[in-house]
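As structure tokens, the structure follows; a few thoughts come after it.
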Amino acid sequence: MSALISLKALSVTFDDKKVLDSISLDLHKGKITTLIGPNGAGKSTLVKIIIGLLKPTSGQVQRQAKLTIGYVPQKLKLNDTLPLNVIRFLNLSGKYSQQETMEALRLVGAEHLYKSNMHKLSGGETQRVLLARALLQRPDLLVLDEPAQGVDIQGQIDLYDLIESIRHRFDCAVFMVSHDLHLVMAKTDEVICLQHHVCCSGAPEDITQHPSYIALFGSAARDSLAIYHHQHDHHHHDLAGQPVSGDATQCNHHHHGHHHD
């Protein structure tokens, strides 16, 4: 299976300081990849390269033709003096019908927020609205930079469930960045540990035993790391939190939005 994005021996240097050193990775349709690492490890730089905002100093970035990317930023900066409700905010990123924007909000369980002031949303509510904005692109690749930041533990669990549902509904690749090691989705297909270079990569349960992971984060982090396992003894929920039955992978994937060539 060909990768949506393939990075080969990619390096980035700022002012003679190597921020990323010989990074190679592939992102595949329907797979969740989580990037972990301490602050200053180069995670945000790698995200900028993946979404096309930055070019590497050396190495190759190969993207599938007409690749569509949905991006959820780490922080949302809005002008506090400008009144902005959720619907108006969503329409800033493109011309969408009210039906399309309401459907995106419904998918993430935020339909009730459509008239809410963006400045007054909680951390979890803001993340859901940002996810809705990304989904309006009908992405092949969903990139989430620290999606659980500012969200409480239960909110994080709900958010990770939502991301898992999105992966199945749209059959998209998900690339998620985090420095919080205390809650990592067991649904992640691959964890990549970054400290300017790739220290180690693999399944979440394997990474915590890897010598490079322990050297970087310490044995205490290994012992305290909680891998959230999705419970299979209850009804699955749709993206708005309603119980459903059947296979989520059978949902339709509509094509619409902005493309990266």
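Cβ coordinates come from backbone N, Cα and C, glycine included.
Computed from a predicted structure; not experimentally measured.
Copied over from Swiss-Prot, here are the features:
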type: BINDING; residues: G37, P38, N39, G40, A41, G42, K43, S44; note: ATP binding site
type: COMPBIAS; residues: 252-261; note: compositional bias 'Basic residues'
type: DOMAIN; residues: 5-220; note: domain 'ABC transporter'
type: REGION; residues: 236-261; note: region 'Disordered'
S44 (ATP binding site), number of other Cβ atoms within 10 Å: 16
Neighbouring C-beta atoms (10 Å sphere around the C-beta of N39 (ATP binding site)): 7
Candidate with the highest Cβ count within 10 Å, taken from the binding-site residues G37, G40: G37
Number of other Cβ atoms within 10 Å of the Cβ of G42 (ATP binding site) across all protein chains: 20
K43 (ATP binding site): secondary structure state under DSSP, collapsed to three categories: helix
